[in-house]
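Engineer: For Asn8, Glu384, the entry in TrEMBL reads Mg(2+) binding site. Here TrEMBL flags Lys15, His209, Leu210, Gly211, Asn212, Gly213, Asp282, Phe283, Arg284, Gly330, Val331, Gly332, Glu333, Asn334 as ATP binding site. Sequence annotations record features per position, and here TrEMBL assigns substrate binding site to Arg92. Residues annotated as active site, proton donor/acceptor in TrEMBL: Asp149. Here TrEMBL flags His181, Arg242 as site 'Transition state stabilizer'.
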Amino acid sequence: MPYALVLNSGSSSIKFQLVNPLAAATEKPFVVGVVEQIGEPQGAVTLKTQEGTFAVEQEIPDHTAGLQLAFELMDKHNCGPRQVDVIACGHRVVHGGILFSAPELINDQILDMIRDLIPLAPLHNPANIAGIEVAREILPDIPHVAVFDTGFFHTLPPAAAIYPINKDVAADYSLRRYGFHGTSHEYVSQQVPDLLGLPPAAVNQITLHLGNGASAAAIRGGLAVDTSMGLTPLAGLAMGTRSGDIDPGIVFHLYRNGMSIDEIDNLLNKKSGVKGLAGVNDFRALRDMIRDENEDAWTAYNVYIHQLRRYIGAYMVSLGRVNAITFTAGVGENDSHVRADALAGMETYGVKIDADRNAGPNDGPREISTDDSAVKVFVVPTNEELAIARYAVAFAQ
Ligand code: AMP
């Protein structure tokens with residue numbers, strides 16, 4: 001059976017999966033693994049296969065060593081690229097700037113273009129490039145395909161993409177709304193017309209990717225027309241550890257009062273959002289705290305929901321007519337309270353949640369609105385790795 005290797009390389013980790021591109025969305029990948037703590041004294045590779053979970057711990061100096069170790073571990077457990085028919089490798093690339101609107105077959109020129117985008121994603125793109133370079137070295141005979149987190153949002157109209165900032169400065173620094181989580185919003189939104197029994201061109205929809213990172217998108221006839229993330233994935237909804245939208249004046253205020261730029265960056269990306277308000281970023285822990293009537297947890301939850309409702313309201317108005325609202329990712333798929341509270345009291349706008357359907361198990365795409373709800377509400381599990389695998393193997397045929 002042909003498989004795709006899917007790589008998601010971070011600054012100190014590489015997540016990898018071997019995926020059957022023809023698998024159903026709910027099927028478990030053949031292999032799931034992660035290389036962690038690259039560059040630290042004690043690194044680790046963990047591998048989950050159908051036969052169990054395996055791990056090695058040792059120093060992993062760089063991405064090359066990490067991926068090599070991952071391949072050795074896969075080989076040892078009979079699921080490596082030498083035993084399994086790997087026909088393509090898909091790479092998640094965070095920032096495609098305005099250059100990339102669709103997945104690209106990677107060659108030296110494309111790699112240089114991804115390199116040119118490093119100023120827009122100084123933490124993410126270098127790690128993505130490191131993963132691509134290593135994988136091309138180790139697997140030189142298969143197509144390597146870059147799938148961009150920003151690609152789906154290439155269709156944002158100017159009014160949604162342009163920031164009201166001096167246009168010469170914006171041009172000099174490539175400032176505009178790019179949007180992220182594009183693979184997920186695209187994958188999920190493409191399933192909605194079938195669920196509605198309507199042609200894709202006729203569907204206006206809102207997709208809500210609520211994971212540790214979170215973003216909303218407005219999609220008209222299959223094309224993204226607005227999204228909550230911006231130049232970077234820090235904008236928009238309140239998230240697990242990221243602030244989302246705040247007054248940009250807060251940055252100047254903190255800076256002028258003694259915080260360094262790196263400290264502010266760290267504060268807004270890692271120590272804010274739900275974690276900043278309640279001390280935890282996992283919604284299961286937050287729910288336990290709410291049950292214990294912890295006041296900070298309530299505040300964090302209310303702020304999260306308030307921000308979410310603002311975006312839903314804005315997109316309902318800007319789309320004019322909405323056929324469907326869809327929840328996805330860790331929180332969106334699993335937390336029925338978030339879904340109910342995000343859409344509570346919207347009956348006048350045609351949104352009616354069915355409490356029993358909403359409380360049902362997360363076992364595939366499903367409707368959670370009432371039969372007479374004018375706007376249908378769905379939960380559609382996302383599967384970015386499967387989407388990337390499918391893009392990658394398209395270049396192998
Ligand atoms: P993701 O980024 O899509 O992997 O989502 C991760 C987040 O989903 C976690 O940090 C949790 O907040 C949330 N999550 C995962 N499982 C559940 C669950 N069963 N109930 C509520 N939240 C969950």
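Glycine is treated like the rest: Cβ placed from N, Cα and C.
Curation plays no part in TrEMBL annotations; they are all automatic predictions.
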Engineer: Show which residues of the chain containing Lys15 (ATP binding site), separated from it by at least 6 in sequence, have their CB under 8 Å from its CB.
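Structural biologist: When sequence neighbours closer than 6 are ignored, Lys15 (ATP binding site) has Leu7, Asn8, Ser9, Gly33, Val34 within Cβ distance under 8 Å.
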Engineer: At the level of the C-alpha atoms, what whole-angstrom distance separates Leu210 (ATP binding site) and His181 (site 'Transition state stabilizer')?
Structural biologist: 10
Engineer: For Asn8, Asn212, listed as binding-site residues, tell me which one has the smallest number of other Cβ atoms within 10 Å.
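Structural biologist: Ranked by other Cβ atoms within 10 Å, the binding-site residues Asn8, Asn212 bottom out at Asn212.
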Engineer: To the nearest whole angstrom, what is the C-alpha distance linking Asp282 (ATP binding site) and the residue listed as 'substrate binding site'?
Structural biologist: 24
Engineer: Can you tell me which of these recorded positions sit near ligand 1, meaning the Cβ is under 6 Å from at least one of its atoms: Asn8, Lys15, Arg92, Arg242, Glu333, Glu384?
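Structural biologist: Cβ < 6 Å from ligand 1: none of the recorded positions.
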Engineer: Is any of the recorded positions Arg92, Asp149, His181, Arg242 within 10 Å of Glu333 (ATP binding site) (Cα-Cα), and if so, which, in sequence order?
Structural biologist: none
Engineer: Which chain-mates of Val331 (ATP binding site) that are at least 6 residues away have a CB under 8 A from its CB, listed by sequence?
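Structural biologist: Counting only residues 6 or more apart in sequence, the Cβ neighbours of Val331 (ATP binding site) under 8 Å are Leu210, Gly211, Ala214, Phe283, Val338.
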Engineer: How many other Cβ atoms sit within 10 Å of the Cβ of Arg284 (ATP binding site)?
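Structural biologist: Here the count is 11.
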Engineer: Given Arg284 (ATP binding site) and Arg242 (site 'Transition state stabilizer'), what distance in Å do their CA atoms have, once rounded to a whole number?
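Structural biologist: Arg242 (site 'Transition state stabilizer') has its Cα 18 Å from the Cα of Arg284 (ATP binding site).
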Engineer: With the cut-off set at 10 Å between Cβ atoms, which of these recorded positions ends up with the most neighbours? Options: Arg92, Arg242.
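Structural biologist: The largest 10 Å Cβ neighbour count belongs to Arg242.
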